[in-house]
Amino acid sequence: MMEFGLSWVFLVAIFKGVQCEVQLVESGEGLVQPGGSLRLSCAASGFTFSSYAMHWVRQAPGKGLEYVSAISSNGGSTYYADSVKGRFTISRDNSKNTLYLQMGSLRAEDMAVYYCAR
């Protein structure tokens, strides 16, 4: 299995009331029927996006964080949790500093808040 360093940076990181320079802003919220599909995007700024592996995690209502997927800095290597393998596809566009998660064959248990992380 690949080794991905993960420093939990979600959305706009706030530390001791001071806004950090690193920003990860997700988009792609939607109401989807079971079996449907949805693409999430994460626009990154404040760091050299192409130098970092990137990650998706999620949190279902009333539950803890669940690791979903990761992609290496150049996009050549990917990892998926067993729960999403074969249904979700992670990708990135380093020229746009953007991370994506294409989600397909959606199930009720996929309902969650999704976060991108560096």
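Note that the numbers count up from 1, one per residue, in the order the chain is shown.
Every residue, even glycine, has its Cβ placed from backbone N, Cα and C.
What Swiss-Prot records for CYS42-CYS116 is disulfide bond. CYS42 (disulfide bond) falls within a strand segment according to DSSP. Counting every protein chain shown, 26 other Cβ atoms lie within 10 Å of the Cβ of CYS42 (disulfide bond).
What Swiss-Prot records for 21-118 is domain 'Ig-like', and it gives sequence analysis as the kind of evidence.
In the predicted model, the region 'Complementarity-determining-1' (46-53) shows an average pLDDT of 95. As annotated by Swiss-Prot, region 'Complementarity-determining-1' applies to 46-53, with the evidence given as similarity to another entry.
The region 'Framework-2' annotation in Swiss-Prot covers 54-70. Remote same-chain residues near the region 'Framework-2' (54-70) are listed as 2, 4, 6, 40, 42, 44, 78-81, 83-84, 88, 90, 92, 99, 101, 109-118 (criterion: CB distance under 8 Å, separation of at least six residues from the stretch ends).
Annotation source Swiss-Prot lists region 'Framework-3' at 79-116. The residues of the region 'Framework-3' (79-116), classed with DSSP into helix (H, G, I), strand (E, B) and coil, number 3 helix, 18 strand, 17 coil.
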Mind giving me a neighbour count for CYS116 (disulfide bond)? Other Cβ atoms within 10 Å of its Cβ, every protein chain shown.
26
